Amino acid sequence: MDSGAIFFQIVIVLIAFFFAAYFVACEFALVQTRYSMLEEEEENKGKSKKLAREMHMITNLNDYLSTTQVGVSVCGIIMGWVGESLIVDAIFDLLELKSGWVTAGTAHAIGGVIGILILTYLEVVFTEVVPKNISIAMPRRILGYVATPLHYFHTIFYPGVWAINVSAAGVVKLMGLKMTDESDESMSQAEILSISKEAVENGDLEKYDYLYMQRAFDFNDKVAKDIMIDRTQLTVMDINTLVDDAITVYLQSKFSRIPVVIDNNKDNILGYVYCYDLVRQSRVNSNIPVERLIRDIGTVPETMKITEVLQKMITMRTPIVVVVDEYGGTSGIITDKDIYEELFGTVRDEIDPATNEYVFKQPKGTYQVSGKMTTYDFERYFKTEIKDFSKSDSVTLSGYFIDNNPGIQIKPGTEFKVDTFTFKVLHFENSFIDLFEVDDLRDNHEAMAEKSAEEQKDEESKD
């Protein structure tokens, strides 16, 4: 083969390599660029013809990806067809076929194998891996470079792309499946949190942004029963209580809003009194009943989602609601603060006690845990998952052990074992477990393992 033909073949192969790399770069730039990125750019810089074209590409992602795939396939065919011929001719010269070292058939076989290996290597490196990594590293910039040529390629290839998509849809339909669009892909909560966690580890996302995101997802899954202050912990006052006495109750309880009931019956909550109203009235006349100062209070069922509870509070313009059970009795109350703390964590104000926590670690390695702590918060604090808790309808630790051990007479010193935890009752009163001593057996196993490792090191050092 003369030098002119060889040069022509080399040029064709290089052009095919270039366009194959171009189409791969287009493909990954399209997939990695989010529509929200383009919307943000539109808000900051205004909409241009080029930006509108890019947004159209992301919206019609399936069509443009088909264009890139057709381009890659055509370039691959050209590279294989021309490149193999070029390498086979080079093998003929290298083996000096005219001197009789090898036969023509052997030379063709050797040239074909070597040609496939070399072309595959070059194609994978320069038309797949390199452009893919560049596009993943800076998708928005690459899309800006490739969008205009890709628009024209899409116009040229459109008849073929249309025929391919229709044919593929027909084959998929025959298999009993449905064609999917890459732009329709969505992520589950777990996937979003997993990606966000990786972003935090890489320094691309603040730790607290991830924490609030996690709490927001958990927030949507909770109902009123999960976050309420249960009736056994409620401080209430009778409708006939005088303002002066009500102020005393407020100072002792330190609650700014106190439910008002009839005949001290927590199932008959009429409304609530606000500490500001009590103090203001005391300046005028403190010998009147709190009945005159009652504010309206809403009611919600135990199963209402807390997002709906919050919306009802906003609509009613009230910061407190009563949670009722299926029989109409009072289960507890929810304040706006209870809801906000689900998103932002415990928020202490000036009158909250300094030890307003549910878990206290003891010097001997055990924990004192309040019976009011929810099973969900227990799992989150100890970073574990307890299957028995998820199977139960009980919300608090106290409720779980009382409901699941009806035949046991619970008293201080009673022990329960759940998963890797031992719960010892420290205080039990009025059918409520106020306090547990919890021993995490995982800590003991870790301590024993560390001790064994140290003893083994000591023995090795003695030897």
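Note: Cβ is positioned from N, Cα and C throughout, glycine not excepted.
The structure displayed is predicted, hence computed values, not measured ones.
Per TrEMBL, the feature domain 'CNNM transmembrane' maps to 2-209.
Mean per-residue pLDDT, taken over the domain 'CBS' (228-290), amounts to 91. Among the features that TrEMBL reports, domain 'CBS' is placed at 228-290 (among others).
Among the features that TrEMBL reports, domain 'CBS' is placed at 293-350 (among others).
Sequence annotations record features per position, and here TrEMBL assigns transmembrane segment to 6-30 (among others).
The transmembrane segment annotation in TrEMBL covers 61-81 (among others).
Annotation source TrEMBL lists transmembrane segment at 101-122 (among others).
Residues or ranges marked as transmembrane segment by TrEMBL: 142-164 (among others). Within its own chain, the transmembrane segment (142-164) has Cβ neighbours under 8 Å at 22, 25-26, 28-30, 33, 50, 53-54, 57, 63-64, 66-68, 70-71, 134-135, counting only residues six or more beyond its boundaries.
Note on the transmembrane segment (61-81): residues 12-13, 16-17, 19-20, 22-24, 26-27, 30-31, 119, 123, 127, 150, 153-154, 157-158, 160-161, 164-165, 181-183 of its chain, located 6 or more positions outside it, place their CB under 8 angstroms from a CB of the stretch. Within the domain 'CBS' (293-350), the DSSP-based counts of helix, strand and coil residues read 21 helix, 17 strand, 20 coil. Helix first, then strand, then coil: DSSP counts for the domain 'CBS' (228-290) stand at 23 helix, 22 strand, 18 coil.
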